[in-house]
Amino acid sequence: PANTLRGHLELLLPAVCFVWQIAMIILFGIFIRYNEESDAHWIEHKTSKNISSNIENDYYFRYPSFQDVHVMIFVGFGFLMTFLKRYSFGAVGFNFLIAGFGLQWALLMQGWFHSLDPMDGKIKIGVESMINADFCVASCLIAYGAVLGKVSPVQLMVMTLFGVTLYAVEEYIILSLIHARDAGGSMVIHTFGAYYGLSISWMLYRPNLDQSKHRIGSVYHSDVFAMIGTLFLWMFWPSFNSAISDHGDGQHRAAINTYLSLAATVLTALAISSLSQKTGKLDMVHIQNATLAGGVAVGTAAEFMLMPYGSLIVGFCCGIISTLGYIYITPFMEKYLKIHDTCGIHNLHAMPGVIGGIVGAITAAAASEDVYGKEGLMNTFDFTGEWKEMVPTRQGGHQAAGLCVALCFGIGGGIIVGCILRLPIWGDAPDNSCFDDEIYWEHENCFGSHKMCYVKYHQDGSRPLLHTVYVPPLVQTIHVWAHTIL
Amino acid sequence: PANTLRGHLELLLPAVCFVWQIAMIILFGIFIRYNEESDAHWIEHKTSKNISSNIENDYYFRYPSFQDVHVMIFVGFGFLMTFLKRYSFGAVGFNFLIAGFGLQWALLMQGWFHSLDPMDGKIKIGVESMINADFCVASCLIAYGAVLGKVSPVQLMVMTLFGVTLYAVEEYIILSLIHARDAGGSMVIHTFGAYYGLSISWMLYRPNLDQSKHRIGSVYHSDVFAMIGTLFLWMFWPSFNSAISDHGDGQHRAAINTYLSLAATVLTALAISSLSQKTGKLDMVHIQNATLAGGVAVGTAAEFMLMPYGSLIVGFCCGIISTLGYIYITPFMEKYLKIHDTCGIHNLHAMPGVIGGIVGAITAAAASEDVYGKEGLMNTFDFTGEWKEMVPTRQGGHQAAGLCVALCFGIGGGIIVGCILRLPIWGDAPDNSCFDDEIYWEHENCFGSHKMCYVKYHQDGSRPLLHTVYVPPLVQTIHVWAHTIL
Amino acid sequence: PANTLRGHLELLLPAVCFVWQIAMIILFGIFIRYNEESDAHWIEHKTSKNISSNIENDYYFRYPSFQDVHVMIFVGFGFLMTFLKRYSFGAVGFNFLIAGFGLQWALLMQGWFHSLDPMDGKIKIGVESMINADFCVASCLIAYGAVLGKVSPVQLMVMTLFGVTLYAVEEYIILSLIHARDAGGSMVIHTFGAYYGLSISWMLYRPNLDQSKHRIGSVYHSDVFAMIGTLFLWMFWPSFNSAISDHGDGQHRAAINTYLSLAATVLTALAISSLSQKTGKLDMVHIQNATLAGGVAVGTAAEFMLMPYGSLIVGFCCGIISTLGYIYITPFMEKYLKIHDTCGIHNLHAMPGVIGGIVGAITAAAASEDVYGKEGLMNTFDFTGEWKEMVPTRQGGHQAAGLCVALCFGIGGGIIVGCILRLPIWGDAPDNSCFDDEIYWEHENCFGSHKMCYVKYHQDGSRPLLHTVYVPPLVQTIHVWAHTIL
């Protein structure tokens, strides 16, 4: 029945992929060109600008961080979501699809707002544009975490199209109009992305989801796969928060702050996880997710003079809050607010993101020439040009305003996009087939390690399929029993 | 019987490893020294050359890319091939062996052709040599993909020895004699490597391979392991294509072009994968492999002014062609051409490699001072020294000639090496034991998740082994049935 | 019974985590500040020091290496230990806990010894401090390898607290007082860490461990997971050994030497592994571990003019010695010396570490101005300041003295800490529950692929649990039989 229900999808996904990719090619042809540092004219430009060495090309300042961010987007987010026993293909595969499409659209949307060259009307891209595109995609992947297993790939594509668009607008408002600083994106990426995803999940609430509840859970090795995602996110988060900070001390400091904050989070997340069980045992869900909250929460303030102990305090608090969120808030949200949050992004991204925005506002408001130095203050907060008269206390207010904008865009955008996704044309899975790779992936019906499967091979031997007709009676009986009790 | 057949191999593999490693030590002792930038004399050299800072050591331009390439070679290629349900050890282990040996031999072979110091007759190595050695090894690992599961480790060592030798010669002809440009190696790495492997597979064709066909296929978690390989290849491909490009804009542009091309490939590969199934479902084989074709095809032209939309077009086409290759060409080649291609390298490396060569030729022929600038053109195509009079249109011809050389070396070399590998002295697996780790690896007979295994432990408790004698009668019966129907 | 035995642990682990994390925050508040290159005053400092560009900030010299080291610590060590069939959560999870705590304490301990600013009494940290903290943690993770599966997380925390403390002291003695050079830490990290762990394992010897012996062993996919750890360690080891070497040729040379040494190790490790089996088969244990020995052994001498062939010789020997260690020495040590070494760290870290120290001493003693150049010699061995009169031959003696200090600290410290850990207050697992995730982790009782598990879901559907009561009689009987024979 699952297959027949989504019959029209046979052509919908390919059609969407083709149309959107062709649109990207046309728009890239019209709008996108290399910037000065990636264009072959660089060699002349270098001479005219008296740049002494190729090593001062922005590429060498940012490319290592870019690659780390890239790993976080594709392996980090992708594998973090493989924890479900039967949805690993969907987790890592649809993550791949969303990110592959999203980064192209992000280059365009962010380009129109941030790097349109007034001389020729073209968007000029370089390594920083690629990092920003990956950042933008991150917000959509966060949103995917809330609806993991419950939506179709076409819905994800629509969600990403609107998500990237909204992101570019709110980023422009927060960073350019309001002049808030947000190096690691606590506000523009995490707060926005998480509330966008939660609002969509709320709009798509399925009252009968308990028909698929037995698939929400992990098997032993799917939890180990998820740890790959966790660790690559955790390890490379210092690169994430420092990737687009100022050259020199800005990037350096952002990396240190993130490194420390994340270390503190590990200890408090484990402590609360152990406290939450009568037996004192640990829960892999908390280790996989809550240990990352410190990286989210230190995002905005990472490039500020947060001080090493300040970073530890942020991480300390977030490890506690995030783990408590998994224990108390996620069940509460599902039961009373009708928001089902598959990966618990409210605990990993929403709450820490808001905390990060607040920490950023306080740290900015408390900045002084004493701590930063006269030039350092101007440099860190970019008090130049039209913002020359800005002072730290007012900057704190602007940071808070930025947080509100991110919240509004996340919730508002999510509700609108959620309405669109409720249209019955996207071929999402029926309530009894959620969290199941089977309806979107062609493969053998043999998951995890807890089932007895009897596999037969195609004529051509290429891929195995489950054929119970080939199972001898006794084994078949056991098989049926096993299914019954599962 | 598998064990008895390969009896003489007990000593063959260790002997080959020892002899070749000792040969490497002797040859390294005679020939290989540090280059100026990695020698302790650098500090004096720096002063004499007026280099202002250590940061201008080539190490800082290339080391981050080197490490990414290194990950692609060992984790990327290794894990991409773990998809087979019973050959994950062989995939990742023999990949390790080939690469570990190949890179040493590559340093020597490439050194003799490219970096022999005329003053003292020594090869001078540095970070770029390590990248080039990894590149060279990549071509042998591509070839491994065609014969995965069907050859012995000793055959792989022989294949690598000749593969690296042929690579160094064709690379010298293409890059130095013909003066073709090939930053990402579409021609020298992918076209050569793929046709080398396919020709060997053709020479080693096994008419009775269907005795092992039931092992060609994946289990759920082996597909997830393969995605680790896919993603690390996909993410780090921008580093691969930019690793040995010109400092500055060359590396910068190569990274951008590859990033974009790969993003487009993801969408079209998924679209065709979905179209190819009546139910519109996706196939993990396509996601694991075809999504990478864009990186191969943009290799040669990556450092050229291909333009962002040009990269997208290349990726767009290759995603389609590569996926169609998996659906139509691989079965055709096996049935009519007697070429069995385990990993489908014809679709992932051969066709995209040839396309990459053609794109490179066209892009080079179309280059103009208008687009590149006068100095940029000279710089990008290295129109210096004896090639000072070269013009873009003729460069296009040279690129095409380079592609032909790569094809000839691949096919010709593969046929010759295939003949050598047909000698009955290498201890390859019998037809009914292909794609099976059991004949080369000491471990428990308990694969994947679809079998009931009854494990007993050694006296010393160290490693489990299958002992059916300990299985009670009923369970034993079921076990036998399960085996029968598999 | 397992649960009741560790009842008091319900609060011990959370208490330790909280108390120590709060202590860290207080100590960081008192002592730790940003250094010149990560402080916002950098912009002024740069001008006063005539530094021409931000790219000369130490961040850009070391950050890519730092991230590689970070991956080795968390993914490398973590996944290398996942090979046990039922202890993957503990391997990767407790590795995470130890490292997260250890790096904070290491920043303090190492700071007090090495980077205390005499002006204000503060420790000034930057990217090099983070690398050194990761290095310090590495020694504790090595020690963890010896006791994997046999100690409680609280014991690990205690072991890390003392391990880091001892490390900082021995490092200060070896590097500062004795003025030995140890770029890759063969002595300070590997020798110390391995003997520290082995001594603790000796003190904690369990005569009745054979009750848990059936859990010492791997399943197919746990061996593949372990290969993730192996490969990330192998690939990034050049970054490990070069991370804190001198800018320029020092880092460059250290990377080349390590790259070559590791390549040679792969071949000899495989050769000996194959030789050790009558059938000539390979053993995954050797591939996973012994292939890394070359990286350990080349640690001290990596930045010296070891010459490429010298690196190959070191790797060649260590591949042999390490593999032979797994075959002969580990069983011997367990049987006669009462030292149980779960991961075989004696073969991977202890012996190669000692060899590395000796190679370093010989290479240092043999250094000459001829090979290094006058300035190069001074630079490489840091013959400046109070060590201006040092000569290579004497430096060789100092290196040897350093090795002895590392050994003494490892063995002595391990015995003392082992005594502390024998106190019956730490809640370690009973002899029949070692190597089992079940007593520290809340999850379903369904490991690996060789068991028939019947899973039922919680009321709320969140996580599956084993409920044999739901299994029909026949299946239940088989289940019991399966358990009996395991």
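In case you wondered, yes, glycine gets a Cβ from its N, Cα and C as well.
Summarising the annotation, TrEMBL assigns transmembrane segment to A:12-32 (among others).
Regional average pLDDT for the domain 'Ammonium transporter AmtB-like' (A:57-423) in the model is 94. Residues or ranges marked as domain 'Ammonium transporter AmtB-like' by TrEMBL: A:57-423.
For A:66-84 (among others), the entry in TrEMBL reads transmembrane segment.
According to TrEMBL, the feature transmembrane segment maps to A:91-109 (among others).
Sequence annotations record features per position, and here TrEMBL assigns transmembrane segment to A:129-149 (among others). Sequence-distant contacts of the transmembrane segment (A:129-149) (same chain, six or more residues past either end, CB-CB distance under 8 Å): 35, 62, 65-66, 69-70, 72-73, 77, 80-81, 84, 87, 90-91, 94-95, 98-99, 102-104, 106-107, 109-111, 114-115, 155-156, 159-160, 163-164, 167-168, 171, 185, 188-190, 192-194, 196-198, 200-201, 204, 212, 215-216, 243-244, 339-346, 348-349, 414, 434-436.
TrEMBL lists A:156-175 (among others) with the feature transmembrane segment.
The annotation transmembrane segment is assigned in TrEMBL to A:187-205 (among others).
The feature transmembrane segment is assigned by TrEMBL to A:217-236 (among others).
The transmembrane segment annotation in TrEMBL covers A:256-275 (among others).
The transmembrane segment feature in TrEMBL is assigned to A:287-306 (among others).
According to TrEMBL, the transmembrane segment annotation covers A:312-329 (among others).
Annotation source TrEMBL lists transmembrane segment at A:350-368 (among others). Note on the transmembrane segment (A:350-368): residues 180-182, 184, 186-187, 189-191, 194-195, 198, 293-294, 296-301, 304-306, 310, 314, 317-318, 321-322, 325, 377, 380-381, 392-393, 395-400, 402-403, 406-407 of its chain, located 6 or more positions outside it, place their CB under 8 angstroms from a CB of the stretch.
Here TrEMBL flags A:400-421 (among others) as transmembrane segment. Among residues of the same chain six or more beyond the transmembrane segment (A:400-421), those with a C-beta under 8 A of the stretch's C-beta atoms are 143, 151, 155, 158-159, 162-163, 166, 169-170, 173-175, 178, 180, 182, 187-188, 191-204, 353-354, 357-358, 360-361.
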Whether the transmembrane segment (A:66-84) meets the transmembrane segment (A:256-275): three or more C-beta pairs under 8 angstroms: no
Range from A:91-109, A:217-236, A:287-306, A:312-329 with the greatest count of C-beta pairs under 8 A to the transmembrane segment (A:187-205): A:287-306
Distant-in-sequence neighbours of the transmembrane segment (A:217-236), which means Cβ under 8 A and at least six residues beyond its ends: 68-69, 71-72, 75-85, 88, 262, 284, 287-289, 291-292, 295, 447-450
Same-chain residues at least 6 beyond the ends of the transmembrane segment (A:12-32) whose Cβ lies under 8 Å from its Cβ atoms: 101, 104-105, 107-108, 111-112, 121-123, 125, 152-154, 157, 161, 426-427
Sequence-remote partners of the transmembrane segment (A:287-306) [C-beta within less than 8 Å, at least six residues beyond its ends]: 80, 83, 181-187, 189-190, 223, 226-227, 229-230, 233-234, 237, 240-242, 245-246, 250-251, 253-254, 257-258, 261-266, 269-270, 272-273, 314-315, 317-319, 321-323, 325-326, 343-344, 347-349, 351-353, 355-357, 359-361, 363-364, 367, 371-372, 380, 399
